[in-house]
Amino acid sequence: MVYCASALAQNGPYGKQLKMEASCLELALEGERLCKAGDFKGGTAFFEAAVQVGTEDLKTLSAIYSQLGNAYFYLKEYGKALEYHKHDLTLARTIGDRIGEGKASGNLGNTLKVLGRFDEAVVCCQRHLDIAQEQGDKVGEARALYNIGNVFHAKGKQQLWSCPQEPGDLPADVRDTLQKATDFYEMNLCLVKELGDRAAQGRAYGNLGNTHYLLGNFVEAIKFHRQRLSIAKEFGDKAAERRAYSNLGNALIFLGQFNAATEYYRKTLQLSRQLRDQVMEAQACYSLGNTYTLLQQYERAIDYHLKHLCIAQQLNDRVGEGRACWSLGNAYVSSGNHKQALHYARKHLDISREIGDRNGELTARMNVEQLMEALGVNESDLSPSSSEFEMQGARPKITKRNSMDSVDLWNHLSEADTDDITVQVPPPKLGRDPSDEDCFFDLLSKFQSSRMDDQRCHLDEPQNGDGSEGTANTPTLNEMIDPAVTTSPQTEELFDLIASSQSRRLDDQRVSVGNLPGLRITHNNLGHLVGEGDHQEPSDDFFNMLIKCQSSRIDDQRCSPPEAGPHAPTVPDEDFFSLIQRVQAKRMDEQRVHLPADDEDSPQSPDPEPPAGFPS
């Protein structure tokens, strides 16, 4: 019998009739079926209806809480996910279900991580690890290790976003955080190898590649990403294969192996098209465009930037469109087509004004002014409706350079094994000698810190080990329903102790058994709820965990923190190409418009926007 989810959620006569006809278990099973089919919104409607009907079966109710929490997690309604995972944790502790308590703690940790509450997340995930080790649950232990690595990984990247130190010189606390993530991933990898779980090994390799990448260990990153790629091919996982190609290309860019990087980006583009993923197709085009600019193959660079621009326009990504115009302007300047460069510089200026990008506007205005001066035109020569203009006899200005500058430039580049890129932005003041060979790659290493790696904890793909613990890791409702419920060793004294330690914020920060939604207290389950077995006093670790979990809490139902800047889905999160352009700007005078007013104190081009968001 199939029920209408919308009707079940209503309070009208029809909804009441269906609720009377359908048991809590039947509604929950339908909700589970919908969630497995990817319809989380429909699934939550049935689960919520099941909670309204209620049940006296504690195992069934615990499973419903877990599934509801996971469904809301995938819907990105993290406040509700937190609420139901807390209900699950409370119920699991009440009935003495240690395995269930561990899984609920892991789910809470994953949700807190997404909300940026990393310290609380670590406490919850550590609790999951402790319980799994206590119970001899190797699978749960592996998942807990993976989740702790995820938390430190996310925390390290957030710290890097606002890191004031020079690139390549990570602060000790950031390096320590990323190293902890690496350590936990390595422990996870060791355990899943022991368990023979190849899929989990693939995820571990991908994450190890990502953390080494952020630490600047690019050779190690490539080694792990190649192993990740091999397992992705073994499972026929095209999405993971695409992510591995992209990550390999990114790492090779930092090693100056631009030709090899283009091969991986081409494969990324091919798979993105096969998967009909326009966003990733646009990102691959953007990466290829900038890499060909590094290789001084400007016609190819322009071709890929135009493809990126076209997709950005189709997806109404104005930030990405502006970035494409900026890159096209740079490429056209490098190829000597200053007229087209001015066209795209003006478009970049218009878009920057529209989206309120102050740094982009300043950069674009500087580029427009330089190009107009180089072309010998003024604003009156330009059409207000487009960037086309009449030359009126004007000729581009040509500035003679000292020939020795070119000699020094190419000597430097041959030692660094890199190619130059042409830009139309004024050179930045970097605080280092421009002839320092290490400066280029040190700077590149730092500006990868904000990338949101594809290969960790994918929220949109409920695969085993990814995202919230429950959908992939929690048994189905049929598996969860067990008539033999273990008598809890914890009694009312437990809650009296909690009340005394948390008295000032007890009512609004924990859920008592009496108000757990959907719980029918009967003679059959009363004994399990009050715990008539042995009385055990909770350990100090238990209270320490409670205090830590609630120490930084502002509001359980709060939304996730706002992004640090406008989101550009068609631009890769690891937009290090804009950094490359800034780094090489001061040594490309012979290939770009050279103006007498150039100096190292000119404004820099805008930094890439922080990512919004994730791996495999």
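Placed from the backbone N, Cα and C atoms, the Cβ positions cover glycine too.
Per TrEMBL, compositional bias 'Basic and acidic residues' is recorded for 587-597. Annotated compositional bias 'Pro residues' per TrEMBL: 605-616, in sequence order. Summarising the annotation, TrEMBL assigns region 'Disordered' to 453-477, 554-574, 587-616. Sequence annotations record features per position, and here TrEMBL assigns repeat 'TPR' to 62-95, 242-275.
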Which residue counts does DSSP give the repeat 'TPR' (62-95) for helix, strand and coil?
30 helix, 0 strand, 4 coil
What are the DSSP helix/strand/coil residue counts across the repeat 'TPR' (242-275)?
30 helix, 0 strand, 4 coil
Can you check how the pLDDT averages out over the repeat 'TPR' (242-275)?
96
